[in-house]
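Copied over from TrEMBL, here are the features:
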DOMAIN    84-296  domain 'ABC-2 type transporter transmembrane'
TRANSMEM  104-125  transmembrane segment
TRANSMEM  137-159  transmembrane segment
TRANSMEM  189-209  transmembrane segment
TRANSMEM  221-241  transmembrane segment
TRANSMEM  247-265  transmembrane segment
TRANSMEM  361-381  transmembrane segment
Amino acid sequence: MIAFKKLLTLMPSACVNIFRSVITNQQQQQRQQQEKQHTILNKALLQAEGVNSINDMLDDAKHIAPPANQALFNGRRSPLPFYRQFGILAQRGFLSTVRDFNGAAVYLIACAVFSLLLGFVYLKLDTSKESGIQNRLGLFFFVCLQVIFFNTNCVEVFIRDFARFRQERFKGYYCTSAYFLSKVFCEVLPVRVFPVIVFLPMLYLMAGLKADISAIAIWEVVWLATSIASCGIAILTGVVFNHLELASLFTCLVYSCMMAFSGYLLNMVSTWRVLSWLRYLSIFWYAFSAQSINELKGVEFCSLAKLSPSQQRSWAMSGVDFAVMDDETNKNSTSSQLQSCVSGSEYLETQGISFDSPWSLWSNILGLGCISFFAYISAYVRLRLLRNYVS
């Protein structure tokens, strides 16, 4: 032992430095191998999802100094400006939508079939007092059901990507706003808005509603706002609950409560004042009221005896004998009631729908916009507050 200590004292300091350098080099090589394996694993995961562009973004970002005013995300600066983050995420979103072609195709086919079915059921609606108003309101209600409930599956848009979003945001790949906007504008709205733009104008023409360009434009704007608002509510519930089955159930429950206060199943004038204010939280109420004002305001709905010959022929196919009706109207004292007309404006008054000014129509569209704004902003805030994924 004493000899070994003497040997150490006699060992040149250069040998000690050599041993230390060897140990240090081995440790550095181990760390480099671990980092290399980690990088290869991340690239494999990203390539499996079809997002090779993000790898290119990261390679380019190594040589880019972050600007001084760049936002700081969870302790790491995003190396790219916002527009590049959004562009890359938008590309990934469109790629994901194209690869999920079956899901989008099923949704589009369902919308097309349901629209054609409604078009044949409500083909060429007349303006009779007996059925004109009722059939139009039934058409509006069923279109509300189609536009709103068909968007229930939007709850899964963010749920299926929660793990990847947390991990990528933690590493500073992008900011929450770029991810959220790319998801909404590139994966949600294109698929949901397309059927409204293509199929609902066909339904409008098949039903024989007002032959006016402004009326058709309002028809489209109202249903677009309704679709966007219903998607926002579904996205919000999906982000809040982070569980597909629970979020879907809660979304259907919210839609059902809104449907009860649509003004079609329950008269808002006769209901309790304590509950009547709930209609202002209902997408159905705003959409139903806007379409009712657009179609019924200023239209006269007369009895069958006052219909035009073409409308009488359509009713004759249902078994109505107008000759007998004319004889009865001439003989009976109730002829004035049979030949009376009902104004669509009078019906709107009985339903508590305001229609006096042009603002009455646009206030319903504004209500849909407010619901959409609240839903999307709340969903974004919820994403911002999510805890990051830590590997």
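Any Cβ shown, glycine's included, is placed from N, Cα and C.
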Ranked first among 104-125, 137-159, 221-241, 247-265, 361-381 for CB pairs under 8 angstroms with the transmembrane segment (189-209): 104-125
Within-chain partners of the transmembrane segment (104-125) [C-beta distance under 8 Å, separation at least 6 from its ends]: 97, 131-132, 135-136, 138-139, 142-143, 146, 150, 153, 191, 194-195, 199-200, 202-203, 206-209, 314
Outside the transmembrane segment (221-241), six or more residues from its ends: residues with CB under 8 Å to it: 143-144, 147-148, 151-159, 184, 188-189, 192-193, 196-197, 200, 247, 250-251, 254-255, 283, 286-287, 290-291, 294, 364-365, 368-369, 371-372, 374-376, 378-379, 382-383
